[in-house]
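The next block holds one structure in the form of structure tokens; read it before the comments.
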Amino acid sequence: MIIFGRIFLGFGVGFANQAVPLFLSEIAPPNLRGALNISFQLFITIGILVSNLINYFTTNVHPHGWRISLGIAGVPALMLCLGSILICETPTSLIERHKVEEGRKVLGKIRGVENVDDEFDSIIHACEMAKQVKDPFRKLMKPVSRPQLVISICLQIFQQFTGINAIMFYAPVLFQTVGFGNDAALLSSVITGLVNVFSTVVSIYVVDRAGRRILLLEACVQMFISQVIIGIILFKELKTTGDNLSKGEAIFVVILVCTFVMGFAWSWGPLGWLIPSEIFPLETRSAGFAFAVSTNMLFTFIIGQAFLSMLCQMQAGIFFFFAAWVIIMGAFTWFLLPETKGVPVDAMVDKVWKQHWFWRSFMIEDDRPDVKVV
């Protein structure tokens, strides 16, 4: 029953991860798109924190503590279900389904103004272009769609190879390894959860001011330094499985883990969802983001299954493994990831991809007429 329940939960999580970022990107004005979209990640981090708190308080409830932990997960699911009934469709979705006037009304409602003619015309134009594409998945395989597809898939792979899910999944095991007891290990997970939440709030404030690239690059430096120092400490001190760190060293490792989580939570965590949701043109947006979500789920599964064995075999070396991936991620961001701050989603081709030193060579087959931009 637990396995079947987990499968159904997987369907729900997959649908939500596909729908919510696209929904937020389509309703948000360009100057607030980053902050609004990252609110999705903020509530994920709040959920992680709440789950850690629940686990902490139910760990000593015998014999049904684990049932309480799993059962309470139905509460946010019910909230999501009820909320989905109350919210409106996006203007783009309504216009695509030939509900043009309703789309105009919704656009005026979410913008808070009556005159939305320019943005409305831009959406109409994008929808007309999308109608010309009968098979969006085939269009994704063409060179003109390669920049968005490659970046979306790579961001999801890199997001997992930062090592964040490995650390969050097995934080109690990790903290036990460095000397904390069972309860203290769960409490340490609560601490990292708090760091996760507050750092995501920082991202909401900064992303539309500083931009996407600077957050990603700064976080690469921060995560690399944290992981290398953790690796050196553990490599030096944990010479055998039974050894523990001193109390001071163990606390320092927790601080470093929090520093790592901090860097991830204001960069690769939220931006791994934000950027793929905003860079595809309308005709391939849903299909392209589906590739991103599927890639994320696949590599979440792979890392989740492999991390414990890797930790046992590689021990401290696992942090050097993830640190090496952070270097690759930083190079990818520096050379191949363009800035999308403040660019309307339907103007990405002309304002971003056709201007990039590398990706513009893939735009020569783009037969889309100029998009009217607001």
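In case you wondered, yes, glycine gets a Cβ from its N, Cα and C as well.
Feature annotation from TrEMBL assigns domain 'Major facilitator superfamily (MFS) profile' to 1-341.
Beyond the transmembrane segment (6-24), the same-chain residues lying 6 or more positions past its ends with a Cβ under 8 Å from any Cβ of the stretch are 33, 36-37, 39-40, 73, 77, 80, 90, 273-274, 276-277, 285-286, 289-290, 293, 296-297. Here TrEMBL flags 6-24 (among others) as transmembrane segment.
What TrEMBL records for 36-54 (among others) is transmembrane segment. If you look at the transmembrane segment (36-54), the same-chain residues 6 or more away from its ends with a CB under 8 A from one of its CBs are 20-21, 24-25, 27-28, 68-69, 72-73, 76, 168, 186, 189-190, 193-194, 196-197, 200-201, 203-204, 207, 265, 269-271, 273-274, 277-278.
The feature transmembrane segment is assigned by TrEMBL to 66-88 (among others).
According to TrEMBL, the transmembrane segment annotation covers 149-173 (among others).
As annotated by TrEMBL, transmembrane segment applies to 185-207 (among others).
Summarising the annotation, TrEMBL assigns transmembrane segment to 214-235 (among others).
According to TrEMBL, the feature transmembrane segment maps to 250-275 (among others). Beyond the ends of the transmembrane segment (250-275), by six or more residues, the same chain brings 17, 21, 25, 33-34, 37-38, 40-42, 45, 151-152, 155-156, 158-159, 162-164, 167-168, 171, 174-175, 178-180, 188, 191-192, 195-197, 199-200, 202-204, 206-207, 212, 215-216, 218-220, 222-223, 226-227, 229-230, 233-234, 244, 296, 329, 337, 340 to within a C-beta distance below 8 angstroms of the stretch.
Annotation source TrEMBL lists transmembrane segment at 287-308 (among others).
Outside the transmembrane segment (314-337) by six or more residues, the chain places 151, 154, 158, 161-163, 166, 212-213, 216-217, 220-221, 223-224, 227-228, 230-235, 238, 268, 275, 307, 358-359 with a CB less than 8 A from a CB of the stretch. Annotation source TrEMBL lists transmembrane segment at 314-337 (among others).
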